[in-house]
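A.B. asks: This structure is in structure tokens; I'll ask about it shortly.
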């Protein structure tokens, strides 16, 4: 059990410059350990957290030593516990998290406890940004029209989240129409340094969205996790992570005139993809850092998932402090942040000699080498220099189908297709732009590129250029601040004139919420098999993500989005070909509309003001009239509607008592599914559309839901009945029980019946039979999806026996009370002669004190086979979760006892 922190002796007072104290803090220098000076700054944040939270139970002294000895331990894949300071959610992932909290309150109440104790123990911020679609564009009424449609579609989900914002303490819900979660986090939510009841410590955050990494640009350690990990963090539990290697990325020089942060981030993404940084931190340093604005850094940090790193970290320096003042943080707060970080060796001063920091590996980029570029047509790291774009496009048309190929026959590459657009004859060719979107927190958080785009629009309008009316243009700012500085600059009217009117404040086109393109354009593309293009200032461009009909999708800076919209095609050499013809008949080139760095800097200086941030965020939680008119119950216990197909009370705590059930072995269990290698979380719990013949579809139709209103599994994550039916429902899943047949079915072994996985699981349950899963290597790889653990638990799966597990999925299985077992090295189901038709018994002691992390466990089958597996409960804390039947049950019982 927990004991007093053994590091209390290094708790020091932090003095204010003018007398008095800011508070107390755990002083890293007071350890008197020379290894600290060599640690990357990102690792120092992990070290401080381990020291502050050390209780010899959840976090142990040996964990602190592992981090201190990072230079030697990081190559060895050692695991450490980490307790982030706060949690960040968006609405798609936030709904199931709030469902779980509401259900826990009911369980507390039923057990005679105080249900109001179920509150997040760390601050939780939930920003509703994933639901708005670009139904209406090129209209100054677009914001209101799109918001009304958003509320019509999502009224039930929004009402539930609004109830949660009132019912739970320590939970802030930012209503729809306010901005994009990561930009709001950067401009407002991030603390950088916490002061909680007089204890100072670094801000850190985990979020249920991969681009949580954007906050690393502000010197706040943050990355994306799965839902169960996020819920566990909310409730005070540590998350388990491998102590990462750190790639040092040195920046030198400065960007040349006309280069943008987007050009830089696409260059960095390509370099890091080539280097290989999966599972690692990347830490930026060097004298070139002085030349990067905070917004530039945030752009680079945002795309960490695209270059594969856990984080792209920028330590706090003077630029960070300037940004904090600009965005309305008080002078006292900024003074405290600087004093704390300097005192604890977490502040970088580039006017001083570079520190002795050691990195796992190193890269270097001279900023002067960055050139204008885009990325595409199908992957974020496929960078194309602008000067090579036309040639690259033609090679893509030629190449066989792949990441850089469309296999368009030579004779068809130059064909022009005529179509009727609002009574006018128009033409489309391969490469023509049909969507041009200034979108995504990656770029809309950066005033330089946003105002740069507005300057391009002004120059284009002054010269008489126009955007073709069938191109779907849109501007979706990540916060209301963008609207204010565009208005202050007087440049928004030029964007409007070109069709880039504001369509909403949310993720929109970047996550595929691009809405329909004009019917005539869509027909021309489909009927003639055209490779149409989208150009967007987003962070992902995988085929089919932006829009089903744009097979070529290019990531570009906001100014380049405007330029390509004006050109109307990606099949252009901006250096030699005109972008269009001006009002005097003169040819206009790219260089005629491109602003200089000086022009951009001047308009940023005069238009982006601290008062804008204060005015925007003072009212951030108030919401609009539609949000305020949503009527919700005032109680702290949720009133579940049994008819709802979006929000449903899950059965996790049914029959729960105050006594932990204790460890349970598995007796005579059938193998529900028998898998090979690389079963991903998308195989286990798909997020996409609900197939018309699936158990989930049947459930919805029985409740009167029309097929066109099925929506996706992702949107229905608040309903366990649908998600359980969607477990193992991937149409591409391969189950050895089916002997070569592909699809979401299995065999009910006693009868030989071929059934859907859900129906087979329910049949076993009705017969009183446990089930297990057999699998190969890398079970649970891919997205850290919590329903990939919740779903199997609801199907009655008691254990998974595999060659290896993906790290996050293993911890999610533990959190849901499922036993993870690994075959011994060199063994698997095949080498052991297991067919999956056997009955399996897993022998475990009845007392958790007799079980040790990582111990050997014997598995016996009914045909006399016996083999040994490694029990993948890796820590004593995980054994405690198992003893209680899962992490949420563990938390409930502990809160009642307190």
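Counting begins at 1 with the first residue displayed.
For all residues, glycine too, the Cβ spot is worked out from N, Cα and C.
From a predicted model like this one, the values you see are computed outputs, not experimental measurements.
The following feature annotations were taken from Swiss-Prot:
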- 90, 209, 210, 211, 540, 545, 703, 784, 785: substrate binding site (BINDING)
- 441, 507, 510: [4Fe-4S] cluster binding site (BINDING)
- 2: N-acetylalanine (MOD_RES)
A.B. asks: With a 10 Å radius around each C-beta, find which of these binding-site residues (540, 703, 785) has the fewest other C-beta atoms nearby.
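C.D. replies: If we count Cβ atoms within 10 Å for the binding-site residues 540, 703, 785, the smallest count is at 703.
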A.B. asks: What does DSSP say about residue 210 (substrate binding site): helix, strand or coil?
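C.D. replies: Where residue 210 (substrate binding site) sits, the three-state DSSP reduction gives helix.
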A.B. asks: Are any of 441, 507, 510 (the binding-site residues) within 10 Å of residue 540 (substrate binding site) when you go C-alpha to C-alpha, and if so which?
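C.D. replies: Of 441, 507, 510, within range: 510.
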A.B. asks: Taking the centroid of the Cβ atoms of 441, 507, 510 ([4Fe-4S] cluster site), which other same-chain residues have Cβ within 8 Å of it?
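C.D. replies: Output for this site, in sequence order: 129, 180, 182, 211, 439, 440, 442, 444, 476, 478, 506, 508, 511, 538, 539.
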A.B. asks: Specify the secondary structure state of residue 785 (substrate binding site) as given by DSSP, simplified to three classes.
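C.D. replies: DSSP call for residue 785 (substrate binding site): coil, neither helix nor strand.
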A.B. asks: To the nearest whole angstrom, what is the C-alpha distance linking residue 507 ([4Fe-4S] cluster binding site) and residue 785 (substrate binding site)?
C.D. replies: 20
A.B. asks: List, in sequence order, the same-chain residues at least six positions removed whose CB sits under 8 Å from that of residue 510 ([4Fe-4S] cluster binding site)?
C.D. replies: 437, 439, 440, 442, 536, 538, 539, 540
A.B. asks: Tally every other Cβ atom lying within 10 Å of the Cβ atom of residue 507 ([4Fe-4S] cluster binding site).
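C.D. replies: Here the count is 27.
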A.B. asks: Given the binding-site residues 210, 441, and counting only Cβ atoms in the protein chains shown, which has the most within 10 Å of its Cβ?
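C.D. replies: Ranked by Cβ atoms within 10 Å, first place goes to 441.
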A.B. asks: Under 8 Å Cβ to Cβ from residue 90 (substrate binding site), same chain, six or more residues apart: give me those in sequence order, or none if nothing qualifies.
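C.D. replies: For residue 90 (substrate binding site), the qualifying residues are 126, 127, 128, 129, 130, 181, 207, 208, 209.
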A.B. asks: Give me the Cα-Cα distance between residue 785 (substrate binding site) and residue 441 ([4Fe-4S] cluster binding site), rounded to a whole Å.
C.D. replies: 23
A.B. asks: Can you tell me whether DSSP puts residue 510 ([4Fe-4S] cluster binding site) in helix, strand or coil?
C.D. replies: helix
A.B. asks: At the Cα level, what's the spacing in Å between residue 210 (substrate binding site) and residue 441 ([4Fe-4S] cluster binding site), rounded?
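C.D. replies: Checking the Cα atoms of residue 210 (substrate binding site) and residue 441 ([4Fe-4S] cluster binding site) gives a distance of 12 Å.
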A.B. asks: Just the number: how many Å between the Cα atoms of residue 703 (substrate binding site) and residue 441 ([4Fe-4S] cluster binding site)?
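C.D. replies: The Cα atom of residue 703 (substrate binding site) is 38 Å away from the Cα atom of residue 441 ([4Fe-4S] cluster binding site).
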